[in-house]
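J.: For reference, the structure I am asking about is given below.
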Amino acid sequence: MLQRPKPSDSEEDLLREQEQFLTRGALSAANVVRRPDKRRGEAGEGGGGEHNGEDEGRQKDVVTIEDLPDQLPSLTPAPPKKSRFKASRVTFEDEDAGERLDRHDTHISAVLSRIVVSAGCKASIILSLKIGNGKLCISGSVLHKVADFPSPRLVSGQGLGGPDSPGETMRIHKENQTRLQTMSRSEIIEEQKKLLSHLGCFCSLCVRLCVCVSVNSVKPQKDWVHMDKLEPEKLEWMRDLPAPRRKGTTKAMEGRFDFAGSLIPPTEDLPTHLGLHHHGDEPERAGYSLQELFLLSRSQIIQQRSLALSTLANIISKARAGEYHSILKGSVMSTLLDAGLLFLLRFALDDSVEGVMSAAVHALKALVVSAEDEECLDCTFSWFRGLAAFPLLPSAQEEQDEEDEGLEESLKETAKEKEERRSDHDVARQDVVKGLLKMKLLPRLRYILEVLRPSPRVVQGVLDILIRFARHSSLSATQVLDCPRLMETVMSEFLPTSWTATSSPHPQSVYGLPQASAMKLLRVLATSGRHACARLLNSLGVRERLCRLLSAELSELLLETTQALRITTEAYRLWAVAAAYGQASDLYLVLYPALVKALQSVQRALNPSDPLLPLQLQRVLALLSFLTQVTHTAGCHQELQAGMVSSQGEECPPPPPVSWGHVTGLQASLLGHLKGFVKSSNSSFVFLIKSFGSIILLFFCHTRSSSVLCNVQSSHQSPETTPSLPGLACPGWRDRPGLVVPSSPFPLLTSMGLLLQTITGIHKGLSCKVGRTEESARTATRGEIPIDVEVAKHASLYHQVALVLLSWLLPGSEMLFDILNFLFFPVSLRFCLLVCLPSSEGHSGGPEAIELGQLKLCEETQHRTSPSLQTVGALLREACVQLPSIRGCFLSQLAHLESSVLVSRDALLGHNPWINSHLLPELTGPTLPSDWPYLPLVSLYERTGLSDGGALTVEELPHGALQVVTHCLQWLLLLEVWREEALKVIPPVAKLARLSCVFLCSSDLFLERPVQKLTWGLFRLMTRPCRLDALDLNVPPPGLASFLDLYSALLAQYEAVSFGDWLFGCWLLLPLQRRYNVTMRLAVFGEHLGMLRSLGVTMEQLSIPIERFTSPPEDSLPLLRLYFRSLLTGTLKLCRCPILYVVALSHVNSFIFSQDAAAQVLHRIAKSRKILLVYKISLYLRKKSCASFKLYSCSF
């Protein structure tokens, strides 16, 4: 029996089956009958008519099937149509239908291909047809009388048959040239007309437009249908593109991008077949601008919308990587966000076309997700405190609401009410993630996952976007959890409890298969807080998923090896986060055999020749992280058990199911692996452990060195960031040196440091085994702690490390401050500072020897001595004795950090049941300000100093304020002398502004003898030549609008309560140096003339050279008038204000004897009043023998 043809049969199979059918002679399933043409009145078989003879010559085969009606039913009754051309056509039975179609084809390509030029034609027109991308392009060239063409410009010879088609082409070309040279211009024009007449009207018009004929020369003809009127502006697009702009242009041009997001240079001449040219404002330039992409993204054509969104996604990715930083002006990200990119993507996500929606998801992922940041966070998860992370919140910007001004606190709107009242645009402008959440993005993402069920790439993009939202803040993580059916969809579709194996490593759909990104989303959500973690474990079935994934071997998971490694790694990390809250500890008892088996196979899994070694290593590190956290939880069992007994009804966390006995069995296996790793490592590993102490200390002390640990500068482009979308700035982190690269020893150093800190904290006797001891420790007086000689040698280094670390502490590390304060404020440090520290820093003889170096400060520039004050060495010795009191003073100033220190202590010591969240506080900067040594002084000023309309009203100082200020000044003196590097982070103008609080806190605080002695010492250190050169008062101090405001307050305070104090006077004279702003000098001589009667500081008391006040000559005419007036009126006298008297005399003297016209006017005024001012100046200067002034002679 013959079978029906199959779709897979080839042409040979069909011919073979046809031959078998004809050979057998079987009856066919269909009969061939002759159907009459009723429109022509023809009869059927056996019928006659006048056309019978004609029909016999052109009978057709008609296939009929039984029970098939002759005519299809008509939906609407309509008369049958008749063709008037059918009868006039002659057809043959053996005629090919394709040839007949080609013969009757009237397309322009068919017409032009049949053009035949006679051999006797004396002019030739050469046409080149190029068909590409479904479009026909015609280009031609009318050859005039040209002397030489080396080769045909348009003829390629592809249409010529034979092996020597290029040679034939050249022969035709030479023949054409020869004929053209023998023809006159009139003959050429005549031949052109003949050729054009053969082409027809339409072809003639195309040739005229596409060749070198001008558009304006086209004359419309009457027989053109709807083309009797010529419109040249509509034919402009057919002109040739202008040449690109030449190189070296200085004119700014709009950036244009290709479809991959790369910036196209303005001089790049790209071919048109790439699809980058369009009819915009600059048709000669390839590429699309951002404005054009925005326009295309809202097009009605689906392909244009998808292409525009995909191009925007590529541009965003390259912009975030910093590829446009050096070649474009301005920020691409800021430009896109200001133009409304968020709203554009949000609208595109609602598109009904899946392709447009997918492109919008990719663009949104490129905007909010940084793959490098996520990879960096995954690499640091196994570090000490690595599972804790900062929320990716923008920096807080407090805005004053004018509507709430003057209202009571109870009537003011809350922050939540203000947030709800703000528009989407205002919210998105400050915080992109918060703006997207306000636009109801989460329900749309849930709809895409649940209903649309997109491709794997779109699913991965949606999960990455949800992970970024969960990292934003705990509030955003809660919104992700609370979104209806979102997490249920993720759990059921991408974290099922059962699934079937796939035959392909890249399946067409990931629904019903476990996804590592979904597990990572759960882990990030659990990091936001213990309540979120409990919801995941108890309400969403995470416990069952953990048991399903971690109880079986990798080969039993029915997943591809790479995917199995990734998802089990994320499962261990999620379990570690839960164990860090003291939760899911019961699963440890259930899965203990699987954990032991996985731990025993660590050496086998970490095979150096395994191509999946990085993934295997991440899985082992995740396993060790979980075991670390469950050990911490087990260590709290006894304490919580005792707490429940003694709580007496008070709230207390229940003890965890695991105790210390459940985890002690892991010690032998872990120690065996550690010994194996050390033995298998090379000698550099052992050397690294031995040199741990020096490396870590040098790392923290020499922060600007070229060490591989801290040198993060490289040639990689700096990533482009926006304030509303913060990130970790990690693009390219693997290609540049830093702390997170795989070759960095920083994880080992932190682990070793934690190990040594733990060992030495167990018992003080173990510290002798950690460090090598050669001599017995010396014991300081007054029962101080014994100090090892080796420790005493490096006391200075330890102290510098503590000072550097203190200013680096971020929120969440407050417990380290409690540890560090024992390092730079210990009782034993008194012994180090008094005996060891001076000798180690190049001094001998105790702190008094410091004064020998300080006495040379003024001798280098002037031959006079400073005031007979208490020596700096004696002040340093007294400050060393007061170190315990200084420590208590600063601890009292940091009392507000007590709650943060307790929270940080629980996280540092592993008190997991008391930890509420592993999401660290918002990162607004270091925990302590950079000017923390001035904190007691600034706090006292904020409590007592009240500014009221420019005048300063000072309240009574609180009890103990004098002691607090004294201790603060003592600590500052210690740092200025011995730890100058620690204060380099504070600008000199900020130091001057903070110390000015001594004079503004009270009316008599600066008159107290301890405060005055210490302030004099700091002033002497501040006015050294190198310090004076670095002091720039034109820069606003941190926290102040300008230094002038502070100086005005100082002037008012001096006039009110100074009593002519020399220290206060020197403080006010410092900003009056010639190189500083003239506004401060105008304020003294214009608004505060009264202070000139009591500013009796002499040049011997001032430690600043007088040349800094008198050179160069003053050029401010208003100030010179004030100088001159104060001298004429007698307000400024030598006996009352000698410094400013000399300064005014010097500048007036220089100005009067200058060649300026205004000076001559002033000179005539002085002469008319018969005031021998110039004589007084010369007399005074000769009397003082001051070589810094120029002497002039004058005659009146």
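The count begins at 1 with the first shown residue.
Keep in mind that glycine also has a Cβ here, set from the backbone N, Cα and C atoms.
TrEMBL: automatically predicted annotations, no manual curation.
Remember, it's a predicted structure, so these values are computed and weren't measured experimentally.
I grabbed these lines from TrEMBL:
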REGION    1-89  region 'Disordered'
COMPBIAS  1-19  compositional bias 'Basic and acidic residues'
COMPBIAS  51-63  compositional bias 'Basic and acidic residues'
DOMAIN    171-199  domain 'RPAP1 N-terminal'
DOMAIN    256-319  domain 'RPAP1 C-terminal'
REGION    398-425  region 'Disordered'
COMPBIAS  398-408  compositional bias 'Acidic residues'
COMPBIAS  409-425  compositional bias 'Basic and acidic residues'
DOMAIN    933-1159  domain 'RPAP1/MINIYO-like TPR repeats'
J.: DSSP-wise, what's the residue breakdown of the domain 'RPAP1 C-terminal' (256-319) into helix, strand and coil?
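T.: Tallied per class, the domain 'RPAP1 C-terminal' (256-319) gives 28 helix, 5 strand, 31 coil.
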J.: Could you put numbers on the helix, strand and coil content of the compositional bias 'Basic and acidic residues' (1-19), residue by residue per DSSP?
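T.: Within the compositional bias 'Basic and acidic residues' (1-19) the tally stands at 9 helix, 0 strand, 10 coil.
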J.: What same-chain residues lie close to the compositional bias 'Basic and acidic residues' (1-19): Cβ under 8 Å, and 6 or more beyond its ends?
T.: 26
J.: Reported in the order helix, strand, coil, what are the DSSP residue counts of the domain 'RPAP1 N-terminal' (171-199)?
T.: 27 helix, 0 strand, 2 coil
J.: What average pLDDT is reported by the model for the domain 'RPAP1/MINIYO-like TPR repeats' (933-1159)?
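T.: On average, pLDDT over the domain 'RPAP1/MINIYO-like TPR repeats' (933-1159) sits at 87.
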